[in-house]
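S.K.: What TrEMBL records for this protein is below:
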{"type": "ACT_SITE", "residues": "CYS115", "note": "active site, proton donor"}
{"type": "BINDING", "residues": "PRO31, MET32, VAL33, GLN86, HIS185, ALA239, ARG240", "note": "FMN binding site"}
{"type": "DOMAIN", "residues": "29-293", "note": "domain 'DUS-like FMN-binding'"}
Amino acid sequence: MTGDIRETKECQLKDPMDLFHSGQVVKICAPMVRYSKLAFRTLVRKYSCDLCYTPMIVAADFVRSAKARDSEFTTNKVGDHPLIVQFAAKEAQVLCDAARIVSPFADGIDLNCGCPQRWAISEGYGACLINKPELVKDMVRHVRSQIDNPKFSVSIKIRIHEDLKRTVDLCQKAEAAGVSWITVHGRSIEERHQPVHYDAIKIIKQSMSIPIVANGDIKTLKDAENVHHLTEADGIMVARGLLANPAMFAGYEETPFQCIQDWVDIALEHGTPFTCFHHHLMYMLERITSKQEKKVFNVLSSTSAVLDYLNDHYGV
């Protein structure tokens, strides 16, 4: 956690549920490993993103190690809200302890029940939790009972089962335990690039009385509107679409140069490590540069080289 955080608890916390009660579709930046850090969240918030998640953090490491806390979680007092911290966890008390640590600085936590990566599943994290509804229910209930702030949200992000009845059962159990909302990535654990089952998200939405967020293959604002129409979801969560175009939610078809300029300013101000700074720009320039330009840009190896390139080619 950054230094300015520890000195004060006067973060301007917000109630994420206010967004879901606004009558508008909630526009959400997904938890992305390495990418959804403070600097990038600051950028997408400038372009109509309503709610941001941190990258997934392993709760046990976070609770055990001050070093993990300092490297994994940074925020600031004013602009970075509402903010959801996503945890990978498999024990209720560990999740509670992690939630307690972040609760003065964030507006809610999310339990990752969707990560399909082998390492996560072999450790008992991520998508394997969709097969343990009682454990998920227990974890949600524990956090609910141990965090005093009633506005602190507890959400889960899931994948779907081949047999959708099992997914609806999981969601209903989580709802009974007090979950605030559920994000549904409309693919099973085995599915990677297959089409997203938006019809399944709609069935889940119709079976629940809490907000449901749709996730999967949303690349443009038009896609977001279509998915909202298909699923009736209360929110739309986007990952890669926002990496390619952080101004997507503000209605831009491709990354505007002003957004690239904003990223440079924010990243430099935050002291973003070069690799992260450069990778974000590679994503943002993907659709607006030629193959030849990509070849040159993608091998640049210092901040000054990148700044010179942007200045020479785009006047940024």
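Glycine is no exception: its Cβ is also placed from the backbone N, Cα and C atoms.
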S.K.: Using Cβ atoms only, which residues of the same chain lie under 8 Å from GLN86 (FMN binding site) while being at least 6 residues apart in sequence?
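M.R.: Correct list: PRO31, TYR53, THR54, PRO55, MET56, ILE57, ILE109, ASP110, LEU111, ASN112, LYS157.
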S.K.: Which whole number of Å gives the largest C-alpha distance between any two of PRO31, MET32, VAL33, GLN86, HIS185, ALA239, ARG240, the residues noted as binding FMN?
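M.R.: If we measure all Cα pairs in PRO31, MET32, VAL33, GLN86, HIS185, ALA239, ARG240, the largest is 17 Å.
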S.K.: Measure from the CA atom of the residue listed as 'active site, proton donor' to the CA atom of VAL33 (FMN binding site) and give the result in Å, rounded to a whole number.
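M.R.: Cα of VAL33 (FMN binding site) to Cα of the residue listed as 'active site, proton donor' measures 11 Å after rounding.
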S.K.: Between ARG240 (FMN binding site) and CYS115 (active site, proton donor), what is the CA-CA distance rounded to a whole number of Å?
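M.R.: Rounded to a whole number, the Cα-Cα distance is 15 Å.
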S.K.: Check the recorded positions MET32, CYS115 for other C-beta atoms within 10 angstroms of each C-beta and report the one with the most.
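M.R.: Counting Cβ neighbours within 10 Å, the top one is CYS115.
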S.K.: Quick one: Cα separation, CYS115 (active site, proton donor) versus ALA239 (FMN binding site), in Å?
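M.R.: Rounded to a whole number, the Cα-Cα distance is 13 Å.
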S.K.: With a 10 Å radius around each C-beta, find which of these binding-site residues (VAL33, ALA239) has the fewest other C-beta atoms nearby.
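M.R.: Relative to the other binding-site residues in VAL33, ALA239, VAL33 has the fewest Cβ atoms within 10 Å.
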S.K.: Long-range same-chain neighbours of HIS185 (FMN binding site), Cβ under 8 Å, sequence gap at least 6?
M.R.: GLY114, LYS157, ILE158, ARG159, ILE160, VAL196, ASN215, GLY216
S.K.: Report, as a single number, how many Cβ atoms besides its own are within 10 Å of the Cβ of ARG240 (FMN binding site).
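M.R.: Summing over all protein chains shown, ARG240 (FMN binding site) has 14 other Cβ atoms within 10 Å.
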S.K.: Restricting attention to the domain 'DUS-like FMN-binding' (29-293), give the mean pLDDT.
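M.R.: 97, rounded to a whole number.
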S.K.: How many other Cβ atoms are found within 10 Å of the Cβ atom of PRO31 (FMN binding site), counting all protein chains shown?
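M.R.: Step by step: centre on the Cβ of PRO31 (FMN binding site), count other Cβ atoms within 10 Å, giving 25.
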